[in-house]
Amino acid sequence: MKKSNLSQYKKNDKNKVEVTKILTRIEGFDDISHGGIPLGRTTLVSGTSGTGKTMFAIQFLYHGIVHFDDPAVFVTFEESPKDIIQNALSFGWDLQQLMDDGKLFILDASPDPEGQDIAGEFDLSALIERIQYAISKYQAKRVGIDSVTAIFQQYDAATVVRREIFRLTARLKQIGVTTVMTTERVDEYGPVARYGVEEFVSDNVVIVRNVLEGERRRRTLEILKLRGTSHMKGEYPFTITDDGINIFPLGAMRLTQRSSNARVSSGVQTLDEMCGGGFFKDSIILVTGATGTGKTLLVSKFLEDACKNGDRAILFAYEESRAQLSRNAYSWGIDFEEMEQKGLLKILCTYPESAGLEDHLQQIKSEIAEFKPSRISIDSLSALARGVSNNAFRQFVIGVTGFAKQEEITGFFTNTTDHFLGSHSITESHISTITDTILMLQYVEILGEMSRAINVFKMRGSWHDKGIREYSISQHGPEIKNAFHNFEGIISGTPTRVSLDEKRDLSRIVQDVKGLSDDDLL
């Protein structure tokens, strides 16, 4: 039975006339567009070279045929049909089979390599008739046109070309097909399109970008307008995977995940006690501190505890190799290789610079969907933050934490700070508000010797120890000791010894402020 390709997105206001939308089945796009693109209208997809415009159009047609049995016509003004078919195969889209089945027709309007002379006034009448004939013959519901910029480049009379393309879009709208038309733009944040195409194809405009941010390129998609209907505003990151375009609709995420009162162990008994019995099952934990403070050790204990209980776990490592991680863990009595052999642990080591943040996010989501772990660890977030903007990094963290919570997974992430001693920002990009629990590790100098300190800086929904405790690292792992009772100013990096007499004096001052006498306290 044929599936409905119409959007199920509805508005609550009964007085408004709703614009019917058609689903694209492009991952994430139907979320940010509130149900797809308007039925029977033309949508302009604009972007610089290499941003994914042609792929968007082909993916729209392919999914329409495969999922909804909507025949389609694709008009190409640039690439040859042979190249289009071959390129689509790399994504598993067998366009030739669809053509053989009579579901797809590719109309070749690409320029003649030998060139051509125009006698008389230029018009697209013959092409418009060919397109209309193909639509009628194949009973097409969807049309893709790639790209109208090529027409302007072939002919000098831009005003005449604009007029003819307006005729084409008007005819397509009259026929009632839903069209995706691509065009090029000069700059990522300049005019919407070259030659003023958006002036006559103005019902719907989508902009795709491939911007160099810092040291890496970042792909984003923005719906500039969908006339007569709602959509989400702003740019949304996307990547191109083996399955095509994959948009991450971070703004479409809803805080509707369930919250569990169940607890999971950190793998360190004293730390569990400091956290009121362990971490909440579906919480996100961030451990932050300078290099060498023991962050990866806590990650190892966290993963070991999961595997001891027969649960699966994934470690996404961006700073150390698998061999180095396994060696270090083994020195603390943790056998990562044995856990992997049992199928309980999966370690993925990647250089942060090997891909963009969107690609890393897609890999994390894919691995979670395939392996189905109950716990994940990322070591470290700060490595992924190198060379990218704060906004891009924050969106990445939101994507990871949102997906982990959706899947009810406990996440344990590390962050390396630049300061060895003293107070510091937990994270420069302010991601601390996204996490549920924050563990702060730091170095402290006490009586001329270097020590380590740990404290539970924050824990949502639970009592936790407020003390700053000393801890050391032995061959058995972390050993958390008592709090630094006789010192103050540890977090600021200037610990000062407080004598018992001074502590009594401070206590009396507090009592006087509260209006209490010694007799009242007895």
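Note that Cβ sites are derived from N, Cα and C of the backbone, with glycine treated the same way.
Within Ser4, Ser90, Ser283, the residue that Swiss-Prot lists together with Gly50, Thr51, Gly52, Lys53, Thr54, Lys225, Leu226, Arg227, Thr229, His231, Thr241, Asp242 for binding ATP 1 is Ser90. Cα spacing between Lys466 (ATP 2 binding site) and Glu319 (Mg(2+) 2 binding site): 31 Å, rounded to the nearest whole number. Residue environment of Met459 (ATP 2 binding site) contains 20 other Cβ atoms, counted within 10 Å of its Cβ in all protein chains. In this structure the residues listed as binding ATP 1 are Gly50, Thr51, Gly52, Lys53, Thr54, Ser90, Lys225, Leu226, Arg227, Thr229, His231, Thr241, Asp242; their two most distant Cα atoms lie 35 Å apart. Spatially close to Thr54 (ATP 1 binding site) yet at least six residues away along the chain are Glu78, Glu79, Ile84, Asp146, Ser147, Thr182, judged by Cβ distances under 8 angstroms. For the recorded positions listed here (Thr296, Thr433), the lowest count of other CB atoms within 10 A around the CB belongs to Thr433. Look at Lys225 (ATP 1 binding site): DSSP puts it in a strand.
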